[in-house]
Amino acid sequence: MVEMNCYGRRLRRTGPEQLNSRNDLVSPPQHSRVNGWSLPLHTFQIVALLFYTYLAIVGFGIYIPLLPHGWKYAAYAVIGVLFAHHLVAHLVAITIDPADQNVLAKKNYSSPMPVFDRGKQKHVIQNQHCYLCEVDVGPKAKHCSACNKCIADFDHHCKWLNNCVGGRNYWFFFNAVASAVLGVFLLILVILYVFIQYFVNPAELRTAPQFERVIENNTWLAFLPVAPAETTAAGILAIAVITVLLGMASLLLLGHLLIFHLYLLGKKLSTFEYMTEQRRTQNTRDPESDVEITENTSVRMDPLQVGSCSPPASRNPSSFWCL
């Protein structure tokens with residue numbers, strides 16, 4: 001891998017998107033976004049919160065209560081802590097404003113963003129000054145086109161949070177991913193145990209006192225012990241299959257993302273630095289590609305300079321979750 005300085009002056013320059021000539025104007029969204037709760041909410045963000053709610057209801061309402069007495073309370077404690085930790089970290093990562101300190105100091109989110117004039121400046125950020133935010137920024141800051149502001153220690157823009165991940169909220173993002181992986185993994189084990197035990201010895205799953213009144217029939221109970229609701233064995237098994245399939249799919253993607261960020265932490269790189277380095281390596285191997293990118297900088301923003309993590313999935317393991 002080619003050694004490089006990701007924060008060299010040339011690479012810190014950001015050009016505008018979709019220009020037809022050198023004198024065209026690029027008008028960003030009227031206002032910068034404050035955090036992940038700024039409207040419009042992203043579909044991925046809503047899906048993530050709904051999926052978390054589904055797993056919590058199914059796990060704590062149906063399957064954990066069916067565990068044998070000793071394992072039941074251990075599962076409540078361990079999985080409960082992981083789910084609570086994930087929810088807090090996830091919400092904090094959404095809520096924190098990851099903007100550069102000088103952008104925060106201006107507090108002008110209610111004011112429209114200035115229009116970038118290609119005829120006056122060639123780059124959005126040049127010599128650590130952002131011509132859109134109109135402030136000096138840190139050496140690792142990037143101007144995110146989605147949030148329309150400069151992000152301190154920029155890592156990537158995550159659609160699942162509907163927010164940028166930077167220095168101010170990276171560890172909350174990382175904790176949300178790690179706790180999600182562990183929580184989903186343990187919940188899948190619980191559901192698989194219930195599923196298998198039903199065919200081996202279903203009596204082991206019917207030890208709750210509420211089952212005494214339905215011991216003579218094939219009725220099963222959900223949402224024990226607070227609000228027992230009668231259901232069927234077929235319903236319990238069908239939901240188990242659906243939940244395990246969904247859980248394994250999310251575990252595959254989340255696990256991939258967690259391993260990728262563990263790799264980045266080991267290398268002391270951000271997602272943006274990794275992308276930049278990978279593209280530089282590719283261009284070194286393919287000089288014609290580098291020439292093509294250089295020639296096209298007048299009509300579009302170079303992918304290396306975009307404030308988001310959306311390269312081809314084969315190059316960026318986190319592209320499934322943070323685009």
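The count begins at 1 with the first shown residue.
Any Cβ shown, glycine's included, is placed from N, Cα and C.
Residues annotated as compositional bias 'Polar residues' in TrEMBL: 307-323.
What TrEMBL lists as domain 'Palmitoyltransferase DHHC' is 125-277.
Residues or ranges marked as region 'Disordered' in TrEMBL: 304-323.
Positions annotated as transmembrane segment by TrEMBL: 46-67 (among others).
According to TrEMBL, the feature transmembrane segment maps to 73-96 (among others).
The annotation transmembrane segment is assigned in TrEMBL to 170-196 (among others).
According to TrEMBL, the transmembrane segment annotation covers 233-265 (among others).
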| Long-range environment of the transmembrane segment (170-196) - Cβ separation under 8 angstroms, sequence gap at least 6 | 55, 59, 63-64, 66-67, 75, 78-79, 82-83, 85-86, 89-90, 92-93, 96, 153, 155, 158, 161, 205, 236-237, 240-241, 243-244, 247-248, 250-251, 254-255, 257-258, 261
| field | Tertiary contacts of the transmembrane segment (233-265) (same chain, 6+ residues out, Cβ under 8 Å) | value | 51, 54-55, 58-59, 62-63, 66, 174, 177-178, 180-181, 184-185, 187-188, 191-192, 194-195, 198, 202, 218, 220, 222, 271, 274, 316-318, 320-322
| request: For the domain 'Palmitoyltransferase DHHC' (125-277), provide the mean pLDDT of the predicted model. | output: 94
| note | Long-range CB partners for the transmembrane segment (46-67) (under 8 A, at least six residues beyond its ends), listed in sequence order, are 75-76, 79-80, 83, 86-87, 90, 160, 183-184, 187, 190-191, 193-194, 205-206, 208, 222-225, 236, 239-240, 243, 246-247, 250
